[in-house]
Amino acid sequence: MNRDYPLERVRNFGIIAHIDAGKTTVSERILFYTGSQHKIGEVHEGETTTDWMEQERERGITITAAAITCFWATTYLGEEGRKNKDNKYRFNIIDTPGHIDFTVEVKRSMRVLDAAVCVFDGVAGVEPQSETNWRYAEEAAVPRLCFINKLDRIGANFEKSYASILARLSKKAVRMQIPIGEEDKHEGQVDLLDMKAYKFEGHLGGNVVETEIPENLKEDAIKYRHELVERIVENDDEMMNKYLAGEEIPVAELKKILREAVIANKVFPVFCGSALKNKGVQLVLNAVVDYLPSPLDMPAIKGIDPRTGEEVERHPKDDEPFAALAFKLQADPFVGQLTFFRVYSGTIESGSYIYNASTGDKERLGRIVRLQADKREEVKKVFAGEIAAAVGLKDAKTSNTFCDENNPIILETIIFPEPVISLRIEPKTKADQERMGMALHRLSDEDPTFRVKGDPETGETVISGMGELHLDIIVDRMKREFNVEANVGAPQVAYKETITGTAEAETKYIKQTGGKGQYGHVKLNIKPLEPEVENKKKQKNIHREEGFEFIDSIKGGVIPSEFIPAVEKGVKEAMERGIVAGYKMVDVSCELTFGSYHDVDSSEIAYKIAASQAFQEAAKKARPVILEPIMKLEVVVPEQFMGDITGHLSSKRGLIEGMDDRAGLKVVKAKVPLSELFGYVTTLRSMTEGRGNANIEFDHYAIVPANVALSIVEARK
Ligand code: GDP
């Protein structure tokens with residue numbers, strides 16, 4: 001069985017937007033224009049309301065799906081040309097989370113998509129979240145187009161929004177269009193490359209009509225075309241010379257160079273329009289075809305061979321060994337649990353077995369589907385570079401790698417941050433109790449930064465995540481999606497402990513009780529873990545994990561090697577229990593330097609106890625401290641509240657890092673300990689008559705000041 005779309009005609013992209021910028025509306029229009037969706041919120045003749053409601057329901061679900069597939073042929077092919085299947089492109093549109101508390105989700109989605117369309121509000125321009133998301137896209141080197149939306153709104157201003165992109169996101173952005181009219185006069189766009197004007201007629205603007213450039217825009221169009229062409233040709237020496245010699249460069253040539261520049265992250269083309277008023281979305285889709293990469297344009301993906309620990313690569317080729325990444329689990333009301341995956345190399349067929357390199361498990365891959373606006377298309381075989389969803393896989397989790405068992409690879413290497421906040425949660429009724437376990441299990445499968453733990457002492461359930469809002473949303477989803485009502489406790493900060501000095505300790509654990517005795521003797525040297533250790537990772541006798549390193553320097557077998565793992569285990573257990581206030585200890589390098597053994601009495605348990613005691617003793621001497629999560633805070637408020645806001649933050653141990661102007665408002669950037677930020681959003685609202693807004697994101701762990709540490713220790717007693 002062959003692929004129905006050659007790989008160069010596939011585009012895997014995401015739509016990235018600040019909440020409310022119009023991602024949903026843009027997605028709806030895309031589904032409509034790509035033809036897989038003919039009814040947007042409108043009842044047509046001959047349809048019953050129930051039909052329509054069903055479709056609405058389905059549409060609503062599809063819009064939030066992890067990946068939707070649709071097909072597009074560029075509008076300049078004309079009516080007939082567009083019908084030809086060979087002119088069509090397959091778009092896999094990958095959902096990117098809008099909210100900042102899901103940093104990890106955003107990061108992860110950046111790995112799965114090859115490119116992105118960034119949507120901006122034409123009134124507000126670049127907003128805080130646009131900046132954060134842009135930064136993640138930048139880190140992952142994801143090629144981008146910009147779409148300045150909502151140009152029909154009162155106060156919309158293309159030039160200002162464009163300037164905010166240049167100033168705040170990238171100098172590499174360049175206008176591809178200028179709008180015809182703004183606010184209630186917004187009618188369409190002038191394309192600066194082909195120097196034509198476009199308007200949109202018919203149902204939901206479905207007909208793209210080419211017209212003359214309005215007289216009053218001609219001068220601007222010529223000026224900005226020059227600018228655009230210059231920005232394009234500077235990416236190609238030959239073209240640059242031709243251009244400087246005064247030669248007219250054909251549009252097809254310009255497009256070709258621009259495509260290469262966009263894929264290389266050298267240029268970010270900017271488009272504009274109004275999704276709601278049906279102006280311009282089709283032209284963005286043309287641009288997705290023209291400028292965004294196909295999987296073939298992407299570098300090979302790297303992973304680790306789990307057998308050797310060596311780095312290996314996979315290319316987007318059907319004949320390479322199969323490798324795919326599960327990037328999202330999602331419950332679908334029509335077909336059940338879906339595991340969305342992207343195939344990086346090779347192919348996979350429904351009905352075969354799928355090997356999960358991350359867990360070592362094998363599962364039968366029953367059905368595979370692709371979500372389209374109006375149906376779940378059954379897929380027999382998925383090829384390299386494609387995206388699809390497996391139905392009913394039981395063991396696979398988000399970010400697991402599926403691969404050829406004989407050519408194993410692990411793709412996901414994102415290190416997820418440990419949760420920084422936790423709270424107790426209790427079901428309201430007996431019925432809730434049963435569903436709660438299932439709901440929490442599902443939610444934590446989906447989201448690696450969300451954890452669930454039973455507290456063995458109290459029998460209560462503790463959930464933890466990346467911020468107050470993160471946990472709020474989880475509790476809310478439990479209610480809405482799983483119908484579980486729960487009482488939640490006060491949020492608790494996930495403190496940690498570490499050491500700031502070096503120390504040594506020696507312990508002999510000896511017991512003589514009639515029969516067989518116990519004998520364990522170790523000498524440990526501990527010091528703060530330096531980041532450069534990362535480089536030595538592969539060296540022998542060093543075992544490094546997140547925040548812990550164990551070096552075995554025993555010479556001449558003074559402790560037999562079979563007992564060494566027990567020593568490491570004892571140290572780890574002591575670290576789990578902490579030393580200052582009972583919080584987990586991190587970032588410690590522990591070296592086992594000396595010891596002894598007894599032929600008969602030595603045992604694993606004896607070494608474990610000795611190691612644990614020696615570690616505790618050493619840690620006490622190594623200037624132990626408590627660490628607390630520090631959050632990065634961005635507060636946007638009207639100017640008159642500035643003084644109150646900064647004063648309040650300073651009283652909260654906050655460090656003000658800067659202030660900015662943004663669209664007539666003031667922005668305060670600060671770093672503030674999480675423990676001081678509980679309920680901050682509510683406080684902010686009441687301090688600013690509801691007009692202030694805040695983004696809070698985990699930044700790093702820092703040492704707690706001594707006076708605060710004392711009260712933490714007190715509270716734990
Ligand atoms: P999302 O939060 O990014 O998914 O944004 P939505 O698509 O849900 O849009 C947020 C609000 O803005 C909704 O009320 C939309 O109707 C509105 N909206 C979206 N696009 C436009 C547009 O082009 N013009 C105007 N005036 N409103 C828009």
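Backbone N, Cα and C atoms are what each Cβ position is placed from, and that goes for glycine too.
A TrEMBL annotation is a machine prediction, not a hand-curated record.
Here TrEMBL flags 17-24, 95-99, 149-152 as GTP binding site. The annotation domain 'Tr-type G' is assigned in TrEMBL to 8-296.
According to its DSSP assignment, Lys23 (GTP binding site) is helical. Among the binding-site residues Ala17, Asp20, Lys23, Thr96, Leu151, the residues whose Cβ lies under 6 Å from any atom of ligand 1 are, in sequence order, Ala17, Asp20, Lys23. The least crowded of the binding-site residues Asp20, Lys23, judged by other CB atoms within 10 A of its own CB, is Asp20.
Classification of Thr96 (GTP binding site) by DSSP places it in coil, neither helical nor stranded. Counting Cβ atoms from all protein chains shown, Thr96 (GTP binding site) has 25 others lying within 10 Å of its own Cβ. Around the Cβ of Leu151 (GTP binding site), 28 further Cβ atoms fall within 10 Å across all displayed protein chains. In this view, Ala17 (GTP binding site) is surrounded by 27 other Cβ atoms within 10 Å of its Cβ, with every protein chain counted.
DSSP classifies Ala17 (GTP binding site) as strand under the three-state reduction.
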